[in-house]
Amino acid sequence: MSVEDGGVPGLGHPRQARWTLMLLLSTAMYGAHAPLLALCHMDGRVPFRPSSAVLLTELTKLLLCAFSLLVGWQAWPQQTPPWRQAAPFALSALLYGASNNLVIYLQRYMDPSTYQVLSNLKIGSTALFYCLCLRHRLSARQGLALLLLMAAGACYAAGGLQDPGNTLPGPPSAAAAGPMPLHISPLGLLLLILYCLISGLSSVYTELLMKRQRLPLALQNLFLYTFGVLLNLGLHAGGGPGPGLLEGFSGWAALVVLSQALNGLLMSAVMKHGSSITRLFVVSCSLVVNAVLSAALLQLQLTAAFFLATLLIGLAVRLYYGSR
C-alpha cells in the first residue's frame, strides 16, 4: 500500500523510511502530550490560560513554516501564488481552533480518564466524514479495525494506568493532584460529542483541501496557521481578564507548545500524503508512549488493561494495513 493511499510503507526506499520515521516521531509527541501537561500542573490545575497555549502553538507553527520557505527547505511556487486559495483554510483554522480549545476546557467538566474513554468516539466521526467527504468506502475488515481502535482506547483509558495508592484508574494529571474520582457533567458530555464531531470534520476537510491544491505543503500551512494565529489571538484577547500571555509558563509548558507545534506540522504532511485514517492510527499507537512515560515520570503502574489495549491496537493495524 502506497504512502498516498495512507498505507504504512516499508523501509526499503529512503522516502518510505522518512515517512515511517515521521509517523514514529508523531506517535511519540502525541503520547508525550498528556504526561507533559500533567507536569505543568500546580495545585491540581494548569497554571496558564488555555488560550495562551493554543495561540503560542499556532504562532510557533506559523514561524516554522515561514522559516522553511525562507531558507528553501520547500520551494516557493515559480509563479505568483494564487492567494485566493488561502481562503478555504479559514474554515480549517476555525475548526482546529474550536477543537484545540475544547480539549483543554473539557477538563473542567470531567476527569481525564472519562475524557480519554469517550474521546475515542472521534475515531468513528472521522471515519464517517472520511467516507462522506472523500467518497471512500471502507471494507468490513477496515471497519472492524477502526472498532478495535475505539475499544483499545476505551480499554486503556478505563484502566490501563493506576495510581499505586488508589484503586481507581490513575490518569497522568491525577497523579500529580492525588486520587480523582470518575465524573462527567451533562454539559461536559455535550461538549465532548461536539468535540468529536469537530475533530473528525476538521481532519477530513483539511485532508481534502491539501490534496486538491497543487501548492507546496509549507505554503498551505502558512495559509492555515496565519488564520489560526488570527483566530486564536482574537479568542485570547476576548477571553476577559486573566493571566498574561506567558504568565504561569514553565519549561514544561514551553516543551508542550513546541512538541504540539512540531506534531501539527508532521500531521499536515500525513494529511497531504497519507490520510485521516493514518492519523487515527498514529493517535491510537501513541497510547503506548503515553503509558510508558506516565509510568516513568508520574510513577503510575501499567495494568493488564494496558497490555490488552496494546494487543487490540496491533490487531487493528494488522487488519487495516495487512495483506487482504
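Cβ coordinates come from backbone N, Cα and C, glycine included.
Just so it is clear, the model here is predicted, and its values are computed rather than measured.
Database features (TrEMBL):
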| type | residues | note |
| --- | --- | --- |
| TRANSMEM | 20-40 | transmembrane segment |
| TRANSMEM | 52-74 | transmembrane segment |
| TRANSMEM | 86-106 | transmembrane segment |
| TRANSMEM | 144-162 | transmembrane segment |
| TRANSMEM | 182-205 | transmembrane segment |
| TRANSMEM | 217-237 | transmembrane segment |
| TRANSMEM | 249-268 | transmembrane segment |
| TRANSMEM | 280-298 | transmembrane segment |
| TRANSMEM | 304-321 | transmembrane segment |
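A contact between the transmembrane segment (280-298) and the transmembrane segment (182-205) is absent, since fewer than 3 of their C-beta pairs, 6 or more residues apart, lie under 8 Å.
Most Cβ pairs within less than 8 Å of the transmembrane segment (249-268), among stretches 52-74, 217-237, 304-321, belong to 52-74. When each of 20-40, 52-74, 86-106, 144-162, 217-237 is scored by its Cβ pairs under 8 Å to the transmembrane segment (182-205), the top-ranked stretch turns out to be 86-106. Sequence-distant contacts of the transmembrane segment (52-74) (same chain, six or more residues past either end, CB-CB distance under 8 Å): 97, 100-101, 104, 216-219, 221-222, 225-226, 228-229, 232-233, 235-236, 243-247, 249, 253, 256-258, 260-262, 264-265. When each of 20-40, 86-106, 217-237, 304-321 is checked for Cβ pairs under 8 Å to the transmembrane segment (144-162), 304-321 comes out on top. Comparison of 20-40, 217-237, 304-321 by number of C-beta pairs under 8 angstroms to the transmembrane segment (86-106) places 217-237 first.
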